[in-house]
Amino acid sequence: MSIRSWPAAERPRERLLELGAASLSDAELLAIFLRTGVAGKSAVDLARHLLNQFDGLRSLLDADQPAFTAQLGLGPAKFAQLQAVMEMARRHMAESLRRDSALENPAQVRNYLKAQLRHEPHEVFACLFLDNKHRVMTFEILFRGTINASYVHPRQVVKRALAHNAASLILCHNHPSGITTPSRSDIDLTKRLKEALKLVDVHVLDHVIVGDGEPLSMVEKGLM
């Protein structure tokens, strides 16, 4: 049955306009994004099928292009549309951070870093560079691969901090395993970077580790 034949109060788009996006299920939100279904399936039916295939919304949103476009009802145009929506969401968060001090809203900072790094299939190390009022200047990925004290070069981090004229920064990297517990190498690396950046009067405010669930703040865990 086509969604158009449903009572207005049950249609996802009408429900969103009346009740707000937060009131909709994952399937209803995805159905609005899909707009149309396929033969024998309404957009909501197709959305439920896709969520089942990917075992949830997160895996669907994180899927690469081959995995995404291999599914019924999806294609390159939908993949491009989804990537554009997600990038706009990341930029919206970045603009909010540029207006306020990162210290005043640490949860927002962690959510932004999670949005930047959660989808990365391999370990990456990045910095969030801040001005003298702790407002975000820019986010930059510096290293890809195994993140440890021998792979991440302090001189490169210092070089980028000086290039951005940053007064402080937040270190961050992801754990593709999903477990955010810092390793001994993570702790040692943080110490080395703090010492190197202190020499050029750039302060390390935190080191955030992104995995499944909430990102971990090494400051809040007393590890810095």
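Any Cβ shown, glycine's included, is placed from N, Cα and C.
Database features (Swiss-Prot):
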DOMAIN    102-224  domain 'MPN'
MOTIF     173-186  motif 'JAMM motif'
BINDING   H173, H175, D186  Zn(2+) binding site
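Of all Cβ atoms in the protein chains displayed, 22 besides its own lie within 10 Å of the Cβ of D186 (Zn(2+) binding site).
Cβ contacts within 10 Å of H173 (Zn(2+) binding site), excluding its own Cβ and spanning all protein chains shown: 24.
Classification of H173 (Zn(2+) binding site) by DSSP places it within a strand. Taken residue by residue, the domain 'MPN' (102-224) breaks down under DSSP into 37 helix, 33 strand, 53 coil.
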